Amino acid sequence: MVLSQPEASILTAVSYRQQLEQVYGSASDDAFSFSPTITLQKLPHLSEYTNHLQPAGPNPLDRNPFFHPTDGFYITPSDVILRQVVYDLSPSRTLPSPSHGRYLAYHRAGPRNQIFFDPCTTRAAIVTCGGLCPGMNTVIRELVVGLWDLYGVRQIYGIKAGYRGFYSTHPIELNPKLVRNWHKRGGTVLETSRGGFDLTRIVDAIEHRGFNQVYIIGGDGTMRGAVKIFEEIRRRKLRVGVAGIPKTVDNDVGIIDRSFGFQTAVEMAQQAINAAHVEAESAVNGIGLVKLMGRSTGHIALHATLSSRDVDCCLIPETEFYLEAKGGLFEFLEQRLKERGHAVLVVAEGAGQDLIPRSDAQKEERDESGNLVFLDVGAWLNSELKKWWARDHPDELFTVKYIDPTYMIRAVPANATDNLYCTLLAHSAIHGVMGGYTGFVSGPINGNYAYIPLTDVAQAKNEVNTKDHKWAWVRSVTNQPDFVKPG
């Protein structure tokens with residue numbers, strides 16, 4: 001949604017900050033209220049903390065033969081996207097105050113009519129961090145091509161091996177010819193790693209190498225690191241724009257509609273579920289067990305279940321379950337085997353972690369990113385299912401086929417939908433940074449692309465709401481119990 005406000009005047013060296021203040025009310029406010037129910041979330045701009053910042057000139061898209069900017073083509077500071085678009089207008093309902101967060105608005109993404117970086121002196125750095133995800137190479141490619149073709153930037157560098165690459169390796173020069181076919185490859189050509197976050201050394205390297213634009217591709221942990229980098233750059237008053245592009249197969253990054261790679265992951269999960277269904281259906285008392293990614297959220301398991309329609313039970317981190325006794329998983333599976341002769345069970349990797357026995361050392365074990373190391377719920381369920389059947393049905397045939405497609409899903413190239421999505425994310429990030437904004441994430445909110453402050457994204461989580469219609473739909477498809485123990 002775009003709120004109507006007087007069109008912004010053409011920028012001058014001294015007017016841009018005044019223009020922002022007209023929108024926000026005050027440069028020090030965190031948000032500005034348009035009305036009693038709409039609050040615009042403030043977006044950091046380089047003009048707020050760098051001295052004598054002047055626009056570098058009009059947007060080069062004015063001279064681009066493939067673009068013909070007309071009225072409304074360029075985005076102004078008063079163009080915003082509402083976070084909440086569903087309302088109850090019944091007389092009995094009262095609208096909450098903006099402080100409750102339901103009616104937040106964010107700056108709309110897109111090109112600005114003035115840019116704050118001279119393309120001839122711009123040095124952009126691109127880094128990929130964390131685990132693999134379909135579409136990472138597409139984002140890198142589109143950042144390079146977008147900077148090169150849209151804005152004329154010629155100094156573009158890739159940082160190898162994640163955050164540690166800023167201070168431990170030499171950056172590699174990137175150009176459209178080099179990255180032309182990267183979108184057809186899985187993984188990340190720049191390489192990635194977990195950990196290695198040394199704030200001082202990273203920002204020192206950014207300053208030493210003269211980078212004035214930094215594009216950070218990663219998940220929620222990476223975005224938390226990006227917040228620290230942005231804050232340190234702001235503390236040093238460096239003229240460096242920082243943009244995050246959210247990446248997580250789990251789709252657990254909050255506020256935005258979805259993370260890139262998620263739809264590819266759901267599509268690939270179908271192949272594993274189909275294989276499990278064939279194996280289970282071809283056996284006597286066969287169970288196909290599929291473990292899908294999802295440490296803290298079950299979005300892949302949920303969407304794959306809804307898409308497949310062959311799944312008999314879906315277990316996700318947001319809901320508890322138990323094995324034994326009335327209403328438990330074993331009772332449900334036994335009834336399903338009696339009715340159909342086979343069953344397919346999908347479990348997210350973060351589900352049931354409290355049920356798996358752990359040693360004291362395992363309870364404290366963490367990976368390089370600081371996350372608690374999860375035990376393999378798939379292998380544990382596989383073992384428990386076999387023990388249960390051998391105990392209760394010792395003379396009957398029984399087969400469990402366990403499939404873990406995790407690394408197959410992570411390593412594939414993005415599908416057509418995610419490829420297009422990656423392009424829009426990359427170009428949105430470029431437009432924002434070239435317009436002088438910093439410390440933000442580009443992403444869709446209710447289908448419209450917006451700029452969200454990094455701090456907001458780093459603190460938000462996108463968990464499955466088990467009280468909404470989608471989870472009810474899952475249960476109606478699988479007919480699984482709610483696994484609530486009696487009493």
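Glycine is no exception: its Cβ is also placed from the backbone N, Cα and C atoms.
Copied over from TrEMBL, here are the features:
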DOMAIN    123-431  domain 'Phosphofructokinase'
BINDING   Gly131, Arg194, Gly195, Gly219, Asp220, Gly221, Thr222  ATP binding site
BINDING   Asp220  Mg(2+) binding site
SITE      Gly221  site 'Important for substrate specificity'
BINDING   Thr248, Val249, Asp250, Met293, Gly294, Arg295, Glu349, Tyr407, Met408, Ile409, Arg410  substrate binding site
ACT_SITE  Asp250  active site, proton acceptor
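For Arg410 (substrate binding site), the spatially nearest entry among the binding-site residues Gly131, Arg194, Gly195, Gly219, Thr222 is Gly131, judged by CA separation. Counting in whole angstrom, Gly195 (ATP binding site) lies 16 from Thr248 (substrate binding site) by their C-alpha atoms. For Met408 (substrate binding site), other Cβ atoms within 10 Å of its Cβ number 14. A C-beta separation below 8 Å, combined with a sequence spacing of at least six in one chain, links Gly219 (ATP binding site) to Cys129, Gly130, Gly131, Cys133, Pro246, Lys247, Thr248, Asp250, Asp252, Val253, Ser259. Most Cβ neighbours within 10 Å, among the binding-site residues Gly131, Gly195, Gly221, Gly294: Gly294 holds that distinction in the structure as shown.
Regional average pLDDT for the domain 'Phosphofructokinase' (123-431) in the model is 95. Using a 10 Å Cβ-Cβ cutoff, Asp220 (ATP binding site) registers 24 neighbours. Put simply, of the binding-site residues Arg194, Asp220, Gly221, Thr222, the one whose Cα is nearest the Cα of Met408 (substrate binding site) is Arg194.
Each of the binding-site residues Asp250, Glu349 was scored by the number of other CB atoms within 10 A of its CB, and the lowest score belongs to Glu349. Comparing Glu349 (substrate binding site) with Thr222 (ATP binding site), their Cα atoms are 20 Å apart once rounded. Overall, the recorded substrate-binding residues Thr248, Val249, Asp250, Met293, Gly294, Arg295, Glu349, Tyr407, Met408, Ile409, Arg410 cover a maximum inter-Cα distance of 17 Å. Its Cβ taken as reference, Thr222 (ATP binding site) is surrounded by 28 other Cβ atoms within 10 Å in the chains shown. A gap of 18 Å separates the Cα atoms of Arg194 (ATP binding site) and Gly294 (substrate binding site). You'll find the Cα of Thr222 (ATP binding site) roughly 17 Å from the Cα of Gly294 (substrate binding site).
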